[in-house]
Amino acid sequence: KDIDECATGTHTCRADQVCVNLRGSFSCQCLPGYQKRGEQCVDIDECTLPPYCHHRCVNTPGSYYCQCNAGFQLASNNHTCVDINECDANNPCAQQCYNILGSFICQCNPGFELSSDRINCEDTDECRTSSYLCQYQCVNEPGKFSCVCPEGYQVVGGRTCQDINECETTNECREDEICWNYHGGFRCYPRNPCQEPYVLTSENRCVCPVSNAICRELPYSVVYKYMSIRSDRTVPSDIFQIQATTIYPNTINTFRIKSGNENGEFYLRQTSAVSAMLVLVKSLSGPREHIVDLEMLTVNSLNYRTSSVLRLTIIVGPYAF
């Protein structure tokens, strides 16, 4: 009858070996993960043998395990590595997250830009990036910007400033006044601008009656006109044309700036026998008001002289738009 040396303890196997009974003998075998080298059992380096790990193999006494690179995790077979969708698991991005193989990238909504940590988003100050976004003033807001205009203007197209015609909207002039809109505001002027001895003959035209002796030394007529220009207009620039309303035969007309040009901002260029052009030769900054008297002197062959004045009120707006 066979003696089971493994059961009786009469075997000579080492403590790190397993005794296997044989008929008439016994065998000493190594534990799983070990192999015999002479009489000793040494660890098997499974990392040098198939099946190989997908990414990294870590040998341990009697066994091994697989590891994955950052951004991956072990599949159920403990060998294969599968990508971790960081955007689904725990979205680390402040705004938009895009999963890529083994990692992720963050992006920001329009109007924001990634901060140095590549995770958070900071507001983009569009007003600082360009001075041409708005015609007047740019106001930065979280994720966007807006344009504002000064008083008397309204925003058009999101960025441009357009003059508000107060004479059509909030006319505050009296009944005996006319409203004149200019770039950035409005002004009220008397409907009857005539002063003694002049009398009003038609809208904005005053005549000095020849029957009045005082009128012999005064211009026969004074016509009141109003115009608006933007601030800092390019010079030289033609801004207003004066022309005779009645043409008499055998007469010579000459034109001059009678008053209102003490600083030399204007020049009157005669363009024909009956007309002249007022030229702006010095840039004007507003808001300000200029009153310029343009005189036409008429002389005939009998040395008869008469004159008429066009009193031009030039309103310079506060801005160049």
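Here the Cβ of each residue, glycine as well, is placed from N, Cα and C on the backbone.
Because the structure is a prediction, the values reported are computed rather than measured.
Annotation source TrEMBL lists disulfide bond at Cys47-Cys57, Cys87-Cys97. According to TrEMBL, the feature domain 'EGF-like' maps to 2-42, 43-82, 83-122, 123-162.
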For the domain 'EGF-like' (123-162), residues assigned helix / strand / coil by DSSP: 4 helix, 18 strand, 18 coil
Rounded distance in angstrom between the Cα atoms of Cys57 (disulfide bond) and Cys87 (disulfide bond): 28
Listed in sequence order, residues with CB under 8 A of Cys97 (disulfide bond) and six or more positions away: Glu86, Cys87, Asn91, Phe104, Ile105, Cys106, Gln107
Secondary structure content of the domain 'EGF-like' (2-42), with strand meaning DSSP E or B: 4 helix, 19 strand, 18 coil
Overall pLDDT for the domain 'EGF-like' (2-42), taken as the rounded mean: 91
Residues in the domain 'EGF-like' (83-122) grouped by DSSP into helix, strand and remaining coil: 4 helix, 16 strand, 20 coil
Cβ packing number for Cys47 (disulfide bond), 10 Å threshold: 15
Summary of DSSP states over the domain 'EGF-like' (43-82), given as helix, strand and coil counts: 3 helix, 16 strand, 21 coil
